[in-house]
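Features as listed in TrEMBL:
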type	residues	note
DOMAIN	91-313	domain 'DUF4921'
ACT_SITE	HIS154	active site, tele-UMP-histidine intermediate
Amino acid sequence: MVSGDWVVVAPKRAARPEQFFSKTKRKRISKSKCPFEDPQKNGNDEPVLLYTDEKTWTLQVIPNKFPVLAHRELCAAKSEKGPYQVMEGVGHHDIVITRDHNTNFAHLSDFMADIVFKAFKERYVAMMHDACVKYVSIFHNWGASAGASIYHPHFQILSLPIIPPDVFRSLRGSAGYFEKHGTCVHCTMIGFEKKKKLRVIYENKEAIVFAPFVSREPFELRVFPKKHLPYFEDTDERTMKYIVDALQKALLLLEVQLHDPDYNFFIHTAPIRDKEKYGHYHWHIEIQPKTSIAAGFELGTGVEVNVVDPDDAVAMLRGEDKKKEMRGKKNAI
């Protein structure tokens with residue numbers, strides 16, 4: 001509906017829901033060996049943003065010691081290498097670190113979870129003022145299979161000199177729907193899901209969580225502000241608190257029902273330039289648990305195979321599959 005991607009939903013390829021439970025117990029690394037317990041002592045730069053309480057720091061944002069993109073004053077230059085186009089890897093790469101070594105985002109207090117998103121927004125706005133930046137990506141890797149090389153909870157913010165391909169496709173699909181129907185495609189989805197309630201797992205006054213009609217990965221979820229908001233940075237503090245609440249509730253459900261899986265979540269928002277151009281878009285958070293591995297078919301065709309119908313995934317996250325199983329056992333007695 002937005003991306004234009006095709007997905008094969010093949011539930012017969014899955015055995016039982018238990019196959020998606022996390023198989024390995026999460027390996028905790030001791031604080032004494034953690035480079036984020038005292039980032040500066042471990043060779044990191046001074047924070048570019050710091051939150052403290054009466055005793056110590058509670059959150060700090062530092063430049064990544066091993067950045068994907070390196071910041072400089074000059075913008076990334078384009079050039080040609082024979083038939084190939086290349087661009088210099090110029091941008092910002094921040095790490096957002098919370099103080100508690102063993103408390104992941106799902107279990108943070110309301111206050112600390114709100115602080116995390118406050119830091120996201122503050123750094124996002126700071127990067128917006130760099131004329132070289134076209135897009136800012138905010139994401140979280142939880143667990144080794146999701147790309148986290150350090151156990152201590154942390155988040156990443158990267159600025160890019162381009163609009164990423166996945167975001168570009170989402171923008172293009174949203175624009176196409178708006179041109180045809182005169183309304184936001186994501187607002188249409190939200191209205192439909194609220195009415196049918198087939199795939200909604202949580203909602204509050206300002207935010208809603210539901211599974212996509214067809215998801216690329218088993219148990220994929222989306223968190224949307226209910227009101228139409230194209231730009232992450234324009235979200236007011238009250239609305240953001242509700243969005244953070246919805247994100248935490250979704251992650252807790254995944255943790256309980258899938259036995260603490262690794263996952264990624266990331267923000268998709270309208271780009272920071274051309275405010276008039278992207279009014280059709282609706283920013284949101286995508287959550288992708290790591291429950292499957294892309295194989296030859298997916299890699300060779302670009303077509304994902306999802307072995308869990310999103311409706312069944314939602315039923316499992318709601319606990320409805322267990323209730324049904326219990327009723328069946330009761331009737332069999």
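Using N, Cα and C of the backbone, Cβ positions are placed for all residues, glycine too.
TrEMBL: automatically predicted annotations, no manual curation.
If you average pLDDT over the domain 'DUF4921' (91-313) in this model, you get 94. A strand conformation is recorded for HIS154 (active site, tele-UMP-histidine intermediate) in the three-state DSSP classification.
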